[in-house]
Structures are given as C-alpha cells and as structure tokens.
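Here's what TrEMBL has on this protein:
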DOMAIN    22-229  domain 'Cytochrome b561 bacterial/Ni-hydrogenase'
TRANSMEM  29-49  transmembrane segment
TRANSMEM  70-89  transmembrane segment
TRANSMEM  137-161  transmembrane segment
TRANSMEM  195-212  transmembrane segment
Amino acid sequence: MLAEQDAFEAERSARMVRAIYVYEAPLRLWHWVNALAITVLAVTGYFIGKPLPALSGDTSAQYLMGWIRLLHFSAAYVFAIGFLARIYWAFVGNHHARQLFLLPVLNPRWWGEVLYELRWYLFLVREPNKYVGHNPLAQLMMFLFFTIGAVYMILTGFALYGEGQGAGSWADELFGWVIAVLGGNSMQVHSLHRLGMWVTVCFVIVHVYAAIREDIMSRQSLISTMVSGWRMFKD
Ligand code: HEM
Ligand code: HEM
C-alpha cells in the first residue's frame, strides 16, 4: 500500500507538468473495444429478454433471434477475453493500468479527495483538482460499477450460456455453480443478469456525462487522453 501512496504523491506533484503520457496503447484499444462490446451486449441482451414481435414467413429463413443471440455471445467472448487481457495489463502496464483494480483505501487523503471530487461534481466548489490518472471519485466508481460489474456479468452470463450449451459443456462445468448459488432457478439468474444490464447502462450514462463535463470544466484533457494517451493541463 505504501507504493500506492508514493505513486499518489508523485501524481499530485506531477500536476505542475503541462502534458504527461498516461494511458498506454493496449489500455486505450481495450477501452474502445470494450465500450463497443458492451453497447452490443446491452442492445442484443435487451431484445433477448423482450423479443421483437414475430416476423411473417418461415422462422428458419428469418433466424432473427438466432442472429441476436449469436451477436450477444460473440460480443460476450470479446468482453470476457478483453477483461482477462485487461487484468494481464494491470500487471505489466504502468501505474495507471492498476487503478481499475487497486484502490488506495488505506490512504485517508485519497478519501478526502474522493469527497472533494464529489463536491466538485455537485458544483459546490469552484477549483478543479488535477490528476494524471483517474480522479479518486472516478476511480472508486469505475471499480464499484465496472470492475465488480464486469465480474458479475461474466459469471451470470456464462452460467446461462452453460445451461444453453448443455450439462457437461465447458461453460456448464466452469460456471454452472453460479445458478445453484443464486437459488438454483435459471429464470432468477436471467432477471439478475438483466438487472446488471440496467446498472451498466446507468454507469455508462454517468461516465460519458462525467467525461464530457470534465473535459470542458476541469482544465485538463479527458476524452482525447483516452485516444492519444496524453493528458494535457491547461493551467
Ligand atoms: C455487460 C455485459 C452484458 C450485458 C449488458 C448483458 C445483457 C443481457 C440481457 C439484458 C439479457 C436478457 C436477460 C433476460 O431478460 O432474460 C442477456 C441474456 C443472456 N446473456 Fe448477457 N449480457 C452481458 C454479458 C454476457 C456475457 C459475458 C455472457 C456470456 C456468454 C452472456 C450470456 C448471456 C446468455 C446466455 C443469455 C440468455 C440467452 C437466452 O436465454 O437466449 N451475457 N444478457
Ligand atoms: C460502454 C461504454 C463505456 C464503458 C463501459 C467505459 C468504461 C471505462 C472504464 C472501465 C474506464 C477506466 C479505464 C482503465 O482504467 O482501464 C474508462 C475510462 C475513460 N472513459 Fe470510458 N467507457 C465507455 C464509453 C466511453 C465513452 C463513449 C467515452 C467518451 C465520451 C469515454 C471516455 C472515457 C475517458 C475520458 C476515460 C478516462 C478518464 C480519466 O482519464 O480519468 N468512455 N471508461
């Protein structure tokens, strides 16, 4: 935890610098691929639970739900393998690559800055704090809603997938226990997985709002940083 604190201190003093390289290429590529995968998952998932009205003609010629499910499962593989690759990058990437998984919870100053950021987002303070990596509130929210959320969606999703693949399939062997732990009722797991989608959608709405708001108000670059990797400080 001490190393985290040192890095935190270094981050504070680095605010004097005008531009600094933050997000390495694999992390940036992962961010946008992951965003696309989640968008596809949310749209196709919505229609899996609330199918469109039946089409006229022979079902095997239409295969509409088949395509929707195929898209969902393809995006699910991209999402899950991407998440594993992101965990790998937390080990080999720079300090900021670890922020999504490790919170400096033992550092009281970090908690103080979480509260400061909360007041900043609520328009209660006038001066924005500047950060090289994620601001403490963003880091906390990303951990709670994305990191934990992703594990939850992967566990419940692959459990349902295992049920579809049949008893004894690899997905059933690896994730079948999730259905048992959640009450043994697959309909219940469907509902919990669907609830996870709405939590994810809420996270994405707030996340995109915060990214655009900070880009305009916090005197430092945000969205272009997730494209080029460089954080620019405006004064
Ligand atoms: C952010 C990620 C994800 C979102 C937003 C999402 C969303 C959804 C939604 C809304 C449903 C419909 C639930 C219902 O009302 O019955 C669904 C179903 C399903 N999802 Fe996901 N999902 C995600 C990730 C995954 C993953 C990683 C897998 C793993 C393979 C997966 C596999 C499934 C399966 C098997 C079904 C049921 C399909 C069926 O019964 O025809 N999902 N998903
Ligand atoms: C489904 C959609 C999205 C999801 C799930 C998502 C998720 C995430 C996650 C998990 C991070 C942390 C990255 C890390 O530390 O590895 C992040 C960072 C970031 N995202 Fe997204 N994102 C999405 C869409 C977007 C969009 C559309 C924008 C642009 C408007 C955006 C802008 C950013 C920015 C600027 C950062 C870096 C923030 C900072 O430097 O503190 N994201 N996002």
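Each Cβ is built from the backbone N, Cα and C atoms, and glycine gets one as well.
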Find the member of 29-49, 137-161, 195-212 that has more C-beta pairs under 8 Å to the transmembrane segment (70-89) than any other listed stretch. 29-49
Six or more residues beyond either end and a Cβ under 8 Å away: which residues meet both conditions relative to the transmembrane segment (137-161)? 41, 73, 76, 79-80, 83, 99-101, 103, 113-114, 117-118, 121, 171, 174-179, 182, 186, 189-190, 192-193, 196-197, 199-200, 202-203, 206-207, 210
Could you tell me the mean pLDDT the prediction assigns to the domain 'Cytochrome b561 bacterial/Ni-hydrogenase' (22-229)? 95
